[in-house]
Amino acid sequence: MAKDALMDFDEALELFEPVLGFEVHVELNTATKMFSAAPNPANEAHHGAEPNTLVAPVDMGLPGALPVVNAEAIRSSISLGLALGCSIAPSSRFARKNYFYPDLGKNYQISQYDEPIAFEGSVEVELEDGTIVTVPIERAHMEEDAGKLTHMGGSTGRIQGAEYSLVDYNRAGVPLVEIVTKPIFGAEHSAPALAKAYVATIRDIVRGLGISEAKLERGNLRCDANVSLRPRGQEKLGTRTETKNVNSMRSVERAVRYEIQRQAAILAKGGTITQETRHWHEDTGRTSPGRPKSDADDYRYFPEPDLLPVVPAPELIEELRAALPEPPAARRRRLKAEWGFTDLEFQDVANGGLLDAVADTISAGAAPASARKWWTGEITRVANAQERDAADLVSPENVAALQRLIDAGTLTDKLARQVLEGVIAGEGTPQEVVDARGLAVVSDDGALIAAIDEALAAQPDVLAKIRDGKVQAAGAVIGAVMKAMKGQADAARVRELVLERAAQ
Amino acid sequence: MRHLGVLARIQLSDEEVQSLTGQLDAIVDNIAKVSEVATPEVVATSHPIPLENVFRPDVVQQQLTREQVLRNAPDQADGRFRVTAILGEEQ
Amino acid sequence: MTDLTRLTAAELAAKLSSSEVSSVEATQAHLDRIAAVDGAVHAFLHVSDHALEVAADIDRRRAAGEQLHELAGVPLAIKDVLVTTDMPSTSGSKILEGYMSPYDATVVARSRAAGLVPLGKTNMDEFAMGSSTEFSAYGATHNPWDLDRIPGGSGGGSAAAVAAFEAPLALGSDTGGSIRQPAHVTGTVGVKPTYGGVSRYGAIALASSLDQVGPVTRTVLDAGLLHDVIGGHDANDSTSLSDAWPSFAAAAREGATGQVLTGLKVGVIRELDDRGFQKGVSDSFRASLAAMEAQGAEIVEISAPHFEYGVAAYYLILPAEASSNLAKFDSVRFGMRVTPQGAATVENVMAATRDAGFGPEVKRRIILGTYALSAGYYDAYYGSAQKVRTLIQQDFDTAFAQVDVIATPSAPTTAFRLGEKIDDPLQMYLNDVTTIPANLAGVPGISVPSGLAAEDGLPVGIQFLAPAREDARLYRVGAALEALLVDQWGGPLLDKAPSLTNGASL
Ligand SMILES: [Mg+2]
Ligand SMILES: [Zn+2]
């Protein structure tokens with residue numbers, strides 16, 4: 001693969017205005033699939049099932065099978081539409097999108113075409129620097145996911161060069177809502193950051209609604225990013241590329257930046273952009289060309305005759321509207337005020353994806369400052385080291401419990417970090433780890449005094465200095481005592497006792 | 001016609017292409033016929049008996065065993081359906 | 001001893017419930033009949049290995065005093081378009097040869113639950129595309145009245161099976177007349193229920209918005225009995241109606257008293273004049289109307305100006321939906337796989353499989369449907385055809401404001417000879433002119449034998465149509481006319497059919 005020429009990002013932005021667009025697929029976490037009563041692998045309870053064990057006749061397109069719409073998926077889709085500020089269609093319909101692909105059991109995808117369930121909305125997206133950008137939403141429609149292909153043989157596990165592929169239909173029929181933005185103008189230098197923040201916002205919205213597990217690494221959220229450039233001062237939109245299935249927020253950001261630099265280099269040389277899908281390669285940080293748009297995209301849509309119009313009662317819409325959680329941007333504003341964090345402190349939490357974790361830890365009884373300190377500090381450090389999601393490492397309840405042990409004097413900060421390590425390792429609650437590892441602070445003065453007397457006896461010169469009023473010399477004794485106590489002592493208390501015993 | 005064969009995933013022989021090309025006229029005739037009366041003010045009927053909001057509760061019910069899923073598979077490996085190499089990409 | 005195969009399902013059911021005969025005896029009699037005549041008729045693609053077992057189980061349960069359904073123990077033939085767990089389901093296509101479904105079609109499950117004994121799977125035009133059963137990938141079915149003639153289609157196998165006394169009851173499916181037209185040419189009874197009245201779950205789809213499963217029998221009462229078993233709401237079919245349906249058997253029994261004809265308004269369609277029909281068909285139709293009139297029915301001329309657009313609309317909607325419904329036959333999960341020479345990709349494996357696995361008529365309709373849906377044509381083609389459905393529904397509404405039922409000949413001609421029209425699809429399509437409007441509008445229709453055409457001695461059927469959800473009306477009127485005609489004939493029309501076992505016809 002030849003390396004693409006790239007233009008410097010700032011230079012590209014001088015010459016061209018980037019126009020963005022996103023299609024985000026959200027996997028709903030309903031108990032069953034969109035059109036069958038088979039278990040939904042996008043629900044935590046069924047995640048990771050063996051291949052082809054979560055399949056009903058309609059999911060694999062068995063002869064005679066018919067789809068029936070999942071009522072809960074309709075509610076979730078309406079809620080999501082409302083959270084995106086969309087109008088809910090008084091009547092919407094399913095349509096068949098016809099194309100042959102081995103992961104598509106029926107060789108058509110049941111989707112929505114000209115009558116989506118939700119349309120015309122907008123969502124406030126907060127960038128890392130606190131700027132708010134309003135992203136216009138064109139539509140949100142319901143559809144089903146396809147199965148999963150694994151490409152075998154060849155070297156790369158990629159489609160190119162594979163000898164054969166294996167198909168698992170567990171994912172076929174997973175309920176999806178596809179959210180399509182209108183063209184987004186004016187992001188300028190923040191375009192890559194906006195891409196990331198937009199996906200984060202969608203994730204926060206669906207998480208807040210509780211309608212998706214919202215784990216990007218599992219494909220619960222998948223983003224296609226459209227990028228086009230137009231020369232400064234030009235009205236007409238440039239040709240866009242669609243980078244498919246970018247599955248982490250950092251990648252979305254990088255992919256948008258890359259496409260801006262790549263397209264700018266081509267345009268600046270007088271070249272033209274090919275309208276095509278592109279693939280993001282996490283390893284190389286590049287995109288590569290995929291399928292050009294062609295008449296193979298003739299999907300022959302027509303209304304799905306096996307399904308009927310969805311005509312939500314106005315009361316249902318109002319019920320779901322009333323139950324909507326606070327929009328992410330508004331919630332941030334509120335929490336920041338409630339917690340009394342500085343701008344920087346708050347951005348640290350928000351940009352780390354730790355808002356929920358911190359909020360839940362505070363709800364579990366921790367003070368805001370200590371909750372923030374744990375999550376942005378030690379837990380994030382471990383998460384980075386283990387390449388995991390901080391929120392997956394430890395529950396907010398356990399973090400609050402840990403802080404309670406510190407506040408009660410049972411643990412020192414240092415001991416608490418060891419306890420946290422045990423909790424992350426799955427050894428139980430903080431108290432259980434304290435008990436099992438015997439990590440609590442030694443608060444029995446008798447044991448400390450015995451150790452101090454021994455240390456003083458061993459270092460008569462130090463004892464003399466202390467008695468001479470050179471109190472700082474006590475450090476050596478304190479260190480020896482702490483070592484003897486394997487660190488499980490409160491250093492301040494040890495110091496007090498050392499001075500007491502030395503004076504006797 | 002070749003393009004239709006590609007869209008429909010049917011490898012048509014030259015004779016088939018020839019004879020089917022002539023028959024597209026039947027579709028054209030039919031469209032001409034229905035166009036006589038299918039004026040803009042007529043609403044389309046997609047379902048003969050109009051119904052709406054037919055939903056199913058979100059409760060796990062149907063589920064095939066893996067054996068049932070794979071029973072008719074022309075080829076399989078590792079509990080999955082096996083197909084020859086794929087040229088085109090996902091949509 | 002009476003020949004058990006000559007009994008109607010109702011008569012056989014009575015003998016079974018009084019334990020005068022066992023289900024094993026009844027089933028064996030039908031299996032024997034199949035063995036004797038099906039070599040000539042070829043109504044069956046598969047004969048069940050379990051029929052006697054199932055029958056014995058019914059006999060056991062009855063002996064144990066279990067309260068069984070009225071039809072328990074009666075044999076049933078099943079159109080191969082319906083999936084079954086214990087027999088292959090091919091829909092008449094090579095591409096599905098040997099396919100075993102992991103689930104039963106709802107109508108099959110309900111039939112089993114009622115204790116009906118599945119005898120086998122009946123022949124049909126491939127994927128129900130055809131009016132003659134000549135497009136079956138497994139060879140044509142022959143009309144028991146004249147083995148050189150077509151049994152109608154697509155459900156020629158089911159109709160021939162009941163006409164040849166191989167089964168008292170059969171299940172069919174009707175997309176544009178595939179139950180009613182075979183009934184017409186075989187001297188049997190066929191009902192296309194109101195769309196949504198019978199579940200489509202497990203019926204291999206041809207055109208989803210037109211398909212409907214229904215009974216194929218020798219009498220109107222038998223059709224009502226079977227309809228009562230298979231009908232009603234099914235949560236697995238979104239288009240299934242949740243209506244509480246009356247008993248259609250009760251409606252047939254009520255109709256057989258004949259009183260229903262007094263004051264009944266029967267509409268005849270002005271635009272369907274005699275010109276398009278074989279003389280013997282028209283004559284039989286007029287004679288039936290006259291017989292009904294003599295019993296106090298009033299014949300009212302009505303207008304259905306848009307029916308003439310029905311065939312054109314049908315042949316836009318059907319191929320469009322079929323092209324999509326048949327996309328699933330791709331060699332990946334089930335069915336045939338053909339791997340072409342050289343470097344195969346899944347794309348050309350699919351294309352080669354579909355080329356080899358589908359017959360010419362299926363390929364023709366898939367290509368036409370693909371065309372009708374492709375780039376930019378959806379509104380003009382499929383959408384316009386759907387507008388015709390609206391207009392035809394309006395014609396029905398207007399008509400049913402004036403009359404109780406509409407009557408037409410069930411098809412323009414009697415059974416034509418095998419091979420006669422196979423190369424003339426358009427001519428074959430015109431066969432459906434009388435039956436198609438019911439599918440487009442979703443209304444129910446029944447075909448009842450009205451007599452034999454004078455010129456060829458072959459059966460003719462009369463079709464009654466009723467408003468949507470008024471299927472019971474068809475059973476009342478159909479049974480009334482049937483009683484009247486059987487009385488005139490001195491016995492069922494099928495008594496006049498060749499016996500098939502005296503050597504002459506074989
Ligand atoms: Mg898309
Ligand atoms: Zn999509």
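Every residue, even glycine, has its Cβ placed from backbone N, Cα and C.
Curation does not apply to TrEMBL; its annotations are automatic.
Predicted, not measured: the structure shown is a model, and the values here were computed from it.
TrEMBL lists C:LYS79 (among others) with the feature active site, charge relay system. Around C:LYS79 (active site, charge relay system), taking its Cβ as the centre, 33 other Cβ atoms fall within 10 Å, counting all chains.
Sequence annotations record features per position, and here TrEMBL assigns active site, charge relay system to C:SER154 (among others). Other Cβ atoms within 10 Å of the Cβ of C:SER154 (active site, charge relay system), summed over all protein chains shown, number 35.
Annotation source TrEMBL lists active site, acyl-ester intermediate at C:SER178. In this view, C:SER178 (active site, acyl-ester intermediate) is surrounded by 38 other Cβ atoms within 10 Å of its Cβ, with every protein chain counted.
Feature annotation from TrEMBL assigns domain 'Amidase' to C:25-474.
C:LYS79 (active site, charge relay system) and C:SER154 (active site, charge relay system) are 10 Å apart (CA-CA, integer value). C:SER178 (active site, acyl-ester intermediate) sits 11 Å from C:LYS79 (active site, charge relay system), taking the C-alpha atoms as the reference points.
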